[in-house]
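Residues annotated as ATP binding site in Swiss-Prot, with sequence analysis given as evidence: 34-41, 663-670. Look at Swiss-Prot and you will find 331-610 tagged as domain 'ABC transporter 1', backed by sequence analysis. According to Swiss-Prot, the feature domain 'ABC transporter 2' maps to 630-959, an assignment based on sequence analysis. Among the features that Swiss-Prot reports, zinc finger is placed at 762-788.
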Amino acid sequence: MSDQKFISIRGAREHNLKNVDLDLPRDKLIVMTGLSGSGKSSLAFDTIYAEGQRRYVESLSAYARQFLEMMQKPDVDQIDGLSPAISIEQKTTSRNPRSTVGTVTEIYDYMRLLFARVGIPYSPATGLPIESQTVSQMVDRVIALEEGTRLYILAPIVRGRKGEYRKELAELQKKGFQRVKVDGTFYEIADVPPLDKKYKHDIDVVVDRVVVRPDLSTRLADSLETCLKLADGLAIAEFADKPLPVGETAEGGSANKSANETHERILFSEKFACPVSGFTIPEIEPRLFSFNNPFGACPTCDGLGTQQAIDPNLIIPDESAALKDGAVAPWARSSSPYYNQTLEALGKAYGFKVSARWSELSEEARQAILYGTKGREITFHYDDGLRSYQTTKPFEGVIPNLERRWKETDSAWSREEIERFMASTPCPACNGYRLKPEALSVKIGKKHIGEITEMSIRKADAWFRDIDGSFNEKQREIAARILKEIRERLQFLNDVGLDYLTLARNSGTLSGGESQRIRLASQIGSGLTGVLYVLDEPSIGLHQRDNARLLDTLRHLRDLGNTVIVVEHDEDAILTADYVVDIGPAAGVHGGKVIAQGSPQDIMANTNSLTGKYLSGAMEVAVPAERRKISKTKRLRVVGARGNNLKNVSADIPLGTFTAVTGVSGGGKSTFLIETLFKAASRRIMGSREHPAEHDRIEGLEFLDKVIDIDQSPIGRTPRSNPATYTGAFTPIRDWFAGLPEAKARGYQPGRFSFNIKGGRCEACQGDGVIKIEMHFLPDVYVTCDVCHGKRYNRETLDVLFKGKSIADVLDMTVEEGAEFFSAVPAVRDKLETLVKVGLGYIKVGQQATTLSGGEAQRVKLAKELSRRATGRTLYILDEPTTGLHFHDVAKLLEVLHELVEQGNTVVVIEHNLEVIKTADWVIDLGPEGGDGGGEIVAVGRPEDIVQEKRSYTGQFLKELLERRPKRSSQAAE
């Protein structure tokens, strides 16, 4: 095969790959699929991408290499036909509060440039545009007036300020000026009446009197320059023969006119300055619109748009609690009598008892406790059992006291404690727009840059397409190239189904799928060709409706002349690929081989391919024969949810069932389920400090005793955390080893078998198994510890064996092997078997938590929940649990979730995967669109009911799925 047309891989052995040889066609859309843990990512990311990136970086100078991440050389004999590689992974973009969708996609950078070049500043006082002018422009403006027009050229030296101004007038006389206009009247300087210093005055110096004619330019330029020097960049041309109507002058009662404005006048400014309010803007440059730059950032919030402030709702989390029982949350933990005695003294002054509930207190008493007595003195009696004393002073108030301590303390612990009672509120100075008033006064089409970032991408796209209609010829020419860049980028974000996001949205709040698609849009914007792109499940979090747009985008990337490799489980993606590689046959040690390759039809025809069987319909996730009965009485009811884009939504979730919350991306699913239901329920039932989104109430919580959100956040942030420690299997493993005869003879306790504490661990690497060596031009190298050879424990600890295996050998087993090895030890076996149940039999017992994907971390948490004793009164909430799962894994996961429901629990999932939705007992479909166009309940009921609803996109695709499976299996058979 010619190298040019193929990427040929020989002998790939990274992770679990079994010496894989593979030829992939270049410039095609290639999908790699297979069970979770079968080796897809090992081949796509750890072999192909790593080698492509490593070769590219290696070709750079040593100086350039130090700034780039250098990849380890993968375990492979040879790869030919590679291009420079770009990987677009699942990781959430950035936790930096300054990073927004606009900054990540670079759209905001182009917007800053656009506003700096064609934006017009408006005066906040008059609402009129303010422009900086050169002297030549001022002269041209005057010369353009009708010939013979009589004008006074004035320098406004005092504008609405108190004072006598004797000294200033004397100075002017010395400089040779003769006339001034004071408070609306012209005087010779010598004849100006004494000014009352208690009142505001206006003084304009008469620099020249002119009659407009063509040869006036030189004289006029000199006069205007004199004005600009005298009046700090301002000059006035006043029409001598055009007095204003009396009602429009200051004397006639007009509030926004100065006393000197008696005639029509033209105001010139060589700076961007509003001549009325004195509001000035220095030069208008792109940095003025950057909230990451002191020139543009709002000085109050430093460009963050929010401020941390004590939230009264967190101070009093439960209004039905009595004061003596800890209604005031920051005081509730203290065992000292001080706080109770403080409340008793306040009670005497404001007429309440400490046995009263917060809800029973008068508004005045509540204000006094929260915000202080505002100077009113209270007599406090204190007695702590050792001494008693009395003091009379105003009470500071719980909130001012916490704010003061937060500002003054040096203790990180104290700050953290107080921050538990703080919430983010929009900055009052910039209203959350992050910028200085100067930046927000610059507008295009009556909107400032902050208002545009608040629009959804769909609306912003329409706005930028229409805006050049309001430009003049010069502005249109300047803006053309900038607008092209902005429009293209917005179009790509639209194409990957992110039209509901706003440009101001914080990057840290995006899901993994959203941040990956944003990076994908940025890549298309860069328009590279001849590149190898490797993507990791870009369809995560996308509704079937938007999937077609995403696949178009991937094809567009291919058509530019790139090779696109996608690790994906989505049926449509597999069917649209030019080439499919199915890796398996199973996970972990049982995987790592290429089972089938070729066109989607070849995969379906291959009897060894599990993926092929699901695609052809030979195997499928079964629809339950009958759905669970829906109880009329036992149900949760969310009433009046209004968070984010929800439009006063009320919905029932039947208890003891499997419910799916569906809808297009941005429809309001997470706001409804996580931000409203989970946070409110965990606050009521578990006493958490979560702050739910706005809603009226939640009914039916009395049927629950626990609510658990099983999300995709990491199970631990250090390499020391692993599935065994997280699920609690490691404790019985250590106990078992400590109970062995050899360990007892040596007097070893369970702590001896921990790699986190001194005693049993290898001290050379402190139980890490590797030692980090910093290299400056190369990646940091982790060298296996030469004392313990990566085993983490010292020799004495490793001498203790069970069935010929040490504790280090156990940590190196896969979960499946571990469950078999400990088959006689139920405490260990049961915990490991739950991991096998959720499809994680392939991961190592001691695998570092940092190497688990989001979907794997979520399933480890699910396994931990499964291994707990069932109470049957728990509400489990899962956000897209099928992330990273093959059809076959989805079938297994559904068994687990339905098992939880069989125990009497309630499981609610946010899900786009139709295989999951069709097995649900109850479906709540939100939408119909994303962002502003969503937030309503479109359909609710059993899957069969959803299919009937014309407005439901989910229903349309579900109907198609239920109808097309039988058709396809007959085609595959042919």
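From the backbone N, Cα and C atoms, a Cβ is placed for every residue, glycine too.
In three-state terms derived from DSSP, K669 (ATP binding site) belongs to a helical segment. Mean pLDDT for the domain 'ABC transporter 1' (331-610) in the predicted structure: 93. Counting every protein chain shown, 29 other Cβ atoms lie within 10 Å of the Cβ of G34 (ATP binding site). All protein chains included, S665 (ATP binding site) registers 26 other Cβ atoms within 10 Å of its own Cβ.
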